[in-house]
Amino acid sequence: MTEFIPPGSLFHALSSPFAMKRGGQLHHARIAYETWGRLNAGATNAILIMPGLSPNAHAAHHDSNAEPGWWESMLGPGKPIDTDRWFVICVNSLGSCKGSTGPASYNPITQAMYRLDFPALSIEDGANAAIEVVHALGIKQLASLIGNSMGGMTALAILLLHPDIARSHINISGSAQALPFSIAIRSLQREAIRLDPHWKQGHYDDTHYPESGLRIARKLGVITYRSALEWDGRFGRVRLDSDQTNDTPFGLEFQIENYLESHAHRFVHTFDPNCYLYLSRSMDWFDVAEYANGDIIAGLARIRIQRALAIGSHTDILFPIQQQQQIAEGLRRGGTHATFLGLDSPQGHDAFLVDIAGFGPPVKEFLDEL
């Protein structure tokens, strides 16, 4: 499977060798990123966005890529993250297949695809790689560091590993460690991929591709990204029309089933299964408590920033609202002026992507006050 790189992507060559937290190193690796706005003369107006597991760095359209990005309504001139004021960077995570080096990339040493020879990936590796991009752009300190979902974990790792790198932080639907429920879901997703007979210990190709496994993994993910409240409102128990069903025993019958099938079918042709495995496991491993002898609040208190906003949705079952509350509590313990905000968005974990009316104003207010 090839990589899926958006047009207009920029690339930073990582230091070589690039050491990985859990052992191993990368040679001649790179990070894909995109930028919006203009960096001021003092390089004091920069914002770094760290995305979730599956997005690329194309958060919004720009001159080199007119396609709408995954956070189009949040980022741009006059929008909550106002590019008339801020110079915004979005980095594609190390280990992804959207431009940054990952299992789907070619190893320059062996001239073969990394596949499972890619070193074990940690959230901290993505954090260190992202900061190389920031420094390469001539930025010593970010005005703000924004992380959502997995990116919220990466942002916390950045703040722990690189003190004074940011003056403020917005953590959106993120967490300081993976909870058992989230680990269990991701374990099932990985199992679905690995049990697909076409996975072949990571040695699949376009002809023999673990599509069924990745499709099931994505369906499991989508179920947890939204909420039962939204599923009820959007689909209820509505059945498919007769021309949308077939005679397959136990086949698709309800609209919700058809939605999951269509969504997953689109996804499997835009993401590499091995990259999914690596990024998924990196989230399970991340734990701020490791930085303070098992005390997660003490670990968060080690972070030194001026201001922070932790925001999430009460209907999020993957990164429950108490995890954002915990982030704010821990940061306050360390002296940060931290605010927690829980929203009643029905869209669950994905609310930050679609409920811009709910998430946009507090983000804008926070940034306007910097």
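Just so it is clear, glycine is given a Cβ too, placed from its N, Cα and C backbone atoms.
The region 'Important for substrate specificity' annotation in Swiss-Prot falls on one of the ranges 52-55, 80-83, 348-351, namely 52-55. Sequence-remote contacts of a segment are chain residues at least 6 beyond its ends whose Cβ falls under 8 Å from one of its Cβ atoms, and for the region 'Important for substrate specificity' (52-55) they are 70, 92-93, 98, 148-151, 267, 271, 276, 279-280, 283. Cα proximity to His349 (active site) (within 10 Å) is found for the following recorded positions from Ser149, Arg186, Arg218, Asp316: Ser149, Asp316. DSSP places the residues of the region 'Important for substrate specificity' (52-55) in helix, strand and coil in these numbers: 0 helix, 0 strand, 4 coil.
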